[in-house]
């Protein structure tokens with residue numbers, strides 16, 4: 001029985017409130033935190049195809065690339081040093097996300113964003129002026145620390161600020177800014193690669209200072225979320241802020257639920273240890289498996305290495321960079337589709353439709369590359385129409401990801417965690433995401449060399465598994481207040497066995513401590 005029960009209009013709480021201009025502008029500014037992540041994803045793949053960059057820092061890769069022009073193109077970029085340049089960032093982000101949990105919980109979401117922006121700015125500065133590989137790696141590590149803080153705090157901030165009816169669309173603003181960052185990076189790579197003198201890569205890497213400044217300045221002007229204020233004892237200020245962001249005076253019910261959730265969270269002395277409790281089994285499962293599956297869709301193979309990949313399947317350097325720009329445009333456009341539909345069609349529908357779309361495209365791309373390149377990696381003369389077909393299906397694949405697993409991989413975990421474990425659980429979410437981003441980035445070029453076109457089938461297998469998981473185990477969370485989310489698990493065919501009435505009474509606040517009273521009855 002795959003159906004997922006839940007509470008919605010008429011079945012659960014419907015807090016009064018509107019989508020105010022104040023909230024809209026605030027969420028747009030906060031979502032800009034995704035720019036730093038997206039810019040880096042797009043820029044790193046582009047600079048690794050720039051000949052001057054390879055000649056200066058990774059000469060053995062450049063020599064192998066030149067020597068392999070007429071032989072095995074699957075292996076021309078196979079270098080652990082080169083992949084370490086890309087993937088070291090995600091290892092640093094993994095470590096930073098663990099520290100960011102404490103900062104986000106005790107000092108607020110805004111301060112965590114500020115740390116992220118400052119660290120990312122420092123990393124971009126070092127990379128832009130890099131003279132040796134060690135400077136590149138140090139810069140990448142600082143970039144990673146910045147991303148760890150931003151990815152920890154921004155999705156939580158958006159989920160807490162947004163009215164529950166519009167939470168999906170506003171939270172996906174984070175993913176939209178990631179895709180915009182990727183597109184901007186791809187466009188800049190295309191033009192910077194044409195600069196005479198071969199120093200355009202410095203502009204590409206140093207340009208990351210711009211999105212870093214945006215999130216840094218933004219964090220200084222954004223207001224705190226009511227949840228964060230209550231957590232830190234600023235109760236009356238939180239009530240006034242809640243009235244402002246909801247645009248109504250009648251916020252008593254939502255405010256009482258936020259306060260009771262905060263009181264319950266303060267009784268939790270060890271949120272990390274508490275994650276292992278039976279009642280948090282569904283949350284912990286989603287915090288681990290959703291980011292795991294998101295990376296095993298194979299999307300980072302496309303977005304990290306799009307220029308490398310297109311170069312490998314027979315495009316020239318300029319053409320490969322332009323193909324990456326095309327996939328970037330598709331990425332942005334498809335994310336807008338998700339913003340439109342996530343609160344209309346629901347999370348499950350987008351997850352499942354995107355999975356089917358990605359699976360079909362991966363099978364077609366594998367067949368196309370396999371038919372032309374075979375196992376020896378030598379395509380001979382690659383017809384232009386053939387390359388266009390490959391790019392077309394890759395674009396359809398990117399679209400499927402961009403309106404499903406891309407934004408929902410950040411949205412769903414950020415909206416399902418109770419306040420008492422929210423920061424710790426989000427750290428698990430970010431850490432798992434970064435761990436597998438690191439692993440995929442580190443082994444991709446070696447896997448391409450050995451698995452060849454079968455690499456796409458490898459990721460297609462995981463798309464099948466993740467779609468089955470969503471069908472049976474992920475409940476629908478559309479239109480449910482964030483403080484009432486635990487009722488979803490109580491009515492789910494599988495997860496209900498982990499939910500006890502004493503912990504989560506059906507008609508009471510979903511985040512009350514054991515034995516606590518319903519605040520509406522006091």
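Using the three backbone atoms N, Cα and C, a Cβ is placed for every residue, glycine included.
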The annotated transmembrane segment range in TrEMBL, which must be one of 385-406, 495-516: 385-406
Matching range for TrEMBL feature annotation, transmembrane segment, among 249-273, 349-373: 349-373
For the transmembrane segment (111-130), distant same-chain residues with Cβ under 8 A (at least six beyond the ends): 30, 33, 36, 57, 96, 100, 103-104, 136, 138-154, 157, 202-203, 205-209, 211-220, 222
